[in-house]
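OK, Swiss-Prot features for this one:
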type: MOD_RES; residues: ALA2; note: N-acetylalanine
type: MOD_RES; residues: SER9; note: phosphoserine
type: MOD_RES; residues: LYS19; note: N6-acetyllysine
type: MOD_RES; residues: LYS97; note: N6-acetyllysine
Amino acid sequence: MADFEDRVSDEEKVRIAAKFITHAPPGEFNEVFNDVRLLLNNDNLLREGAAHAFAQYNMDQFTPVKIEGYDDQVLITEHGDLGNSRFLDPRNKISFKFDHLRKEASDPQPEDVDGGLKSWRDSCDSALRAYVKDHYSNGFCTVYAKTIDGQQTIIACIESHQFQPKNFWNGRWRSEWKFTITPPTAQVVGVLKIQVHYYEDGNVQLVSHKDVQDSVTVSNEVQTAKEFIKIIESAENEYQTAISENYQTMSDTTFKALRRQLPVTRTKIDWNKILSYKIGKEMQNA
């Protein structure tokens with residue numbers, strides 16, 4: 001083991017550690033971090049070398065965070081990344097510092113938001129909040145308004161999770177939706193992701209994603225927001241239904257095919273009569 005460690009550079013160790021961290025299942029960042037910490041056995045190297053992995057994980061997972069003094073949680077995403085560990089909360093028009101390891105927000109400060117898109121962002125945010133409240137028992141959303149390559153763009157992010165470590169499973173739903181404000185119609189692009197980890201008496205992960213494209217009629221802010229949400233609702237309902245149906249099909253066919261219904265002898269063992277079997281006698285004589 002010592003010879004192997006001598007042959008692996010610190011840079012390679014950090015690269016491996018970072019990969020473990022960025023691929024941690026939802027709700028299990030701390031467990032993976034602690035395991036990697038033991039393997040690396042160098043806290044300074046881990047914190048300095050893998051800091052980018054902590055940030056990438058939180059942005060990829062749409063990690064929700066509560067800011068003291070504000071009611072709604074905001075999502076940590078690449079769209080709100082202002083650099084230097086500061087992120088944007090467009091709903092409350094503030095920026096804040098985020099500790100990617102502790103997952104804590106601090107130092108909220110007023111932040112200028114693109115005034116020309118305020119009414120568009122607010123309309124979409126209001127409609128999306130109502131949708132998330134109706135469809136997700138533990139859901140959060142953040143809506144951004146940006147000018148990208150000269151095009152005014154709305155970006156809507158949704159996150160919902162259930163962490164049940166006592167029952168040996170954790171899961172997260174993420175979806176991201178975009179459209180450009182270009183009358184009379186605009187293309188809507190979405191990506192939906194589901195990740196579930198079940199680890200009682202085994203280790204099974206469901207990782208799925210779907211890309212969606214549609215179009216929306218761009219009129220006034222309120223009406224366009226309503227049409228935008230209709231597209232989101234239809235696509236997400238269809239995706240959830242398809243996942244459920246595929247899972248049922250796998251349970252009925254694929255999973256059953258992985259295990260024999262009967263042993264090779266085509267006879268079930270009566271464990272109450274095990275001593276009458278040859279193997280039972282052999283075990284007795286052992």
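Note: Cβ is positioned from N, Cα and C throughout, glycine not excepted.
Can you tell me where each of these features sits in the structure?
SER9 (phosphoserine) carries neither a helix nor a strand DSSP state and counts as coil.
In sequence order, ALA53 make up the list of same-chain residues 6 or more apart from LYS19 (N6-acetyllysine) whose Cβ falls under 8 Å from its Cβ. Classification of LYS19 (N6-acetyllysine) by DSSP places it within a helix.
Within 10 Å of the C-beta of LYS97 (N6-acetyllysine) we count 15 further C-beta atoms, all protein chains included. According to its DSSP assignment, LYS97 (N6-acetyllysine) is in a strand.
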How big is the gap, in Å, between the Cα of LYS97 (N6-acetyllysine) and that of SER9 (phosphoserine), rounded to a whole number?
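It is 33 Å, counting Cα to Cα.
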